[in-house]
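Written below as structure tokens is the structure these notes are about.
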Ligand SMILES: [Ca+2]
């Protein structure tokens, strides 16, 4: 039975799809909201620029006037996100507090996170050389059964599906160390749960296709990635701390040490 359904409702994923019939003005779709004026701008990402009414902001002027753009409450270069009276300051590294007003004197000792925070570390902290293990050590204490602790993959502007990555997560209470080198994903999982509010020590290593996970005093678990590829091809940085409350960062060559505490 044929049914007519809007194409966009059935889409799962897409890339670089544009509308047919070149020459149609990007402003003809009326992308600008809240009485903003639309001006064609071939040099911009979307082909147009919205000139917002007083107090509105955002690419399409979709953000209503609020604390963010009226009093700009975030200090020390913090970015304000939110609408109306509901806002959050995203503080640059080295600052914390509701308005980024507190200086963090010793990042190496502790960095405070909330559930919307993360740290982006330069990928050069975890270099790759043939035959030398990439080692990541964690100490974590959590009662959360699901959290992403570390992600090292492609640049966020690049489509990451099927691309190389390293990830460390707590899934259903167990630690999972995953990586992809191009031949298919590999996943190592701890035998014990870690979401018991106690401290746990985790060490993961990757040397070529070989991966090792060691949790506390468990016997090391090892796996070999499928296929023939053995290089980790990543151009993004290392992200940690999405759901973590405190971390301590130390590093030496090829070894990243992260300390998580909830
Ligand atoms: Ca690869």
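Just so you know, the numbers here start at 1 and follow the chain as drawn.
The backbone N, Cα and C atoms fix where each Cβ goes, and this holds for glycine too.
Going by TrEMBL, these are the annotated features:
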type     : residues : note
DISULFID : 52-61    : disulfide bond
DISULFID : 91-100   : disulfide bond
DOMAIN   : 23-62    : domain 'EGF-like'
DOMAIN   : 64-101   : domain 'EGF-like'
DOMAIN   : 108-262  : domain 'Laminin G'
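Residue 61 (disulfide bond) and residue 91 (disulfide bond) are 23 Å apart (CA-CA, integer value). Distance between Cα atoms for residue 61 (disulfide bond) and residue 100 (disulfide bond): 26 Å, as a whole number. All chains included, 21 other C-beta atoms sit within 10 angstroms of the C-beta of residue 100 (disulfide bond). Summarising model confidence by region, the domain 'EGF-like' (23-62) averages a pLDDT of 88. Cα spacing between residue 52 (disulfide bond) and residue 100 (disulfide bond): 27 Å, rounded to the nearest whole number. Following the DSSP three-state reduction, the secondary structure of residue 91 (disulfide bond) is coil. In this view, residue 91 (disulfide bond) is surrounded by 23 other Cβ atoms within 10 Å of its Cβ, with every protein chain counted.
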